[in-house]
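Structure, as structure tokens:
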């Protein structure tokens, strides 16, 4: 295998990525591994598809604001009322976040997905049968309350079950499923738009429960996270899962033996320093760095101007002179499809590039797009307010709106959960992703609430706020985002803590692999 037997390393030297080298030597595709292939097929409806609900929700509120019966039933909401209808989903998510790590630790990743899905099913039923705007907002609060449990557990489970070679793609596809939800919602609302009664908005509102029903059904067939099992002293179960899915049933696999040893050693080292409380996230300089990066990434995913498009696409089209309801619905469906295509394409090539490179390309391109859009939007809105129509400026505005999505997907869609799973070690992963969710939901709540107010009060000038923020994002990513590509989760566990703990974990793996090689040699001699 070419593994050096000498295990001494100079202080400050990085740990030897033993498992990464073993993975690189495995050239067999996952398609040719029956157990791993079945696992990935199960992960699609049970975990990867969780973000379908979030995508469905954003597009549902966006599309329903164009539906005449929804506008009439709720009295044509404007300003702060329109804002709170859109933001209630994020507010519900914020309220649930303090409980997520406790639930995740107690019932496991699968149990958390089940709990969150049941809550969202209840929310969707209330939403579909709402009798007034207060009930509708309350239903959206319940939907939001359920989604973080699923997202935190689902993204962690994908990263912890996936084979290291495919893990970045799997976690990237997790966020891409958001656009699947958008397309489904846009298509449903487009189809029900012409129903001449309340069912035009009640049908799509009720159908928001479908993804959660699928999760409830399929999560029962998924294995639990091996890392969660090991952290609860259920070593035999964890080993059986890793042998089945990472070694295709071969109990003598060098990789699985090394993986189990590394997971146990890493969790033990993490446990030595962890008190299993929220203050652990600020306990050391390494944890403070993770928390700072995570909080800002949460803000970036929602404050980069995306909520303006995803929740108020119809208003933006109206401001540039496109006012026909059917035309706006068609453009809305087209935008959702475009988002899925670009998001999926980026997710499939994410392993070919460094994480920091993609984030820099993402933030710089978003800044360029928003700057161009602001200029075009100014002339389009000014002409529309004057009773005219600037065709060139309107076309340019539409172009920049569509150009925005692939730029956003490069980093803030494709890499988000890949990066979070890699940045946070197992013992703090649930809390870390919960912090990401907290800042993302706070940012989503704020921007969703203030976007209609900003557009009403200062029109095109509202986009300048996003240009300024995107400038900050470029600077922050350049100076503070760490590189995490091409390592296993355990090799990244002590990313900010220096080499000592990384070396200790790596030595455990080397010992296991070397012993296995020596045994093989002895058997051959016999």
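Backbone N, Cα and C atoms are what each Cβ position is placed from, and that goes for glycine too.
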Matching 244-262, 263-281, 358-376 to TrEMBL annotations, transmembrane segment lands on 358-376
As TrEMBL has it, transmembrane segment corresponds, among 314-332, 333-351, 485-503, to residues 333-351
Which range of 81-100, 201-220, 221-240 is transmembrane segment in TrEMBL? It is 81-100
The answer for the transmembrane segment (112-130), taking Cβ pairs under 8 Å and residues 6+ beyond its ends, is 46-47, 50, 53, 92, 100, 103-104, 136, 138-154, 157, 202-203, 205-209, 212-213, 215-216, 219
Under 8 Å Cβ-Cβ from the transmembrane segment (136-158), and at least six residues away from its ends along the same chain, one finds 43, 46-48, 50-51, 53-54, 57, 74, 84-85, 88-97, 100, 103-104, 108-113, 115-120, 122-124, 126-127, 130, 167, 170-171, 174, 208, 212, 215, 222, 225, 417, 420-421, 429-430, 433-434, 437, 441
Outside the transmembrane segment (358-376), at least 6 residues beyond either end, the same-chain residues with a Cβ under 8 Å of its Cβ set are 300, 304-305, 350, 393, 396-397, 399-401, 403-404, 407-408, 410-412, 414-415, 460, 463-464, 466-467, 470-471, 473-474, 477-478, 481
With pairs closer than 6 in sequence left out, are the transmembrane segment (81-100) and the transmembrane segment (333-351) joined by 3 or more CB pairs under 8 Å? no
Within the same chain, the residues 6 or more beyond the ends of the transmembrane segment (459-481) and with Cβ under 8 Å of it are 289, 292-293, 296, 300, 303-305, 308, 319, 355-356, 359-360, 363-364, 366-367, 370-371, 373-374, 377-378, 380-382, 385, 451
Problem - Feature contact check the transmembrane segment (81-100) with the transmembrane segment (432-453), CB under 8 Å, 3 or more pairs - result: yes
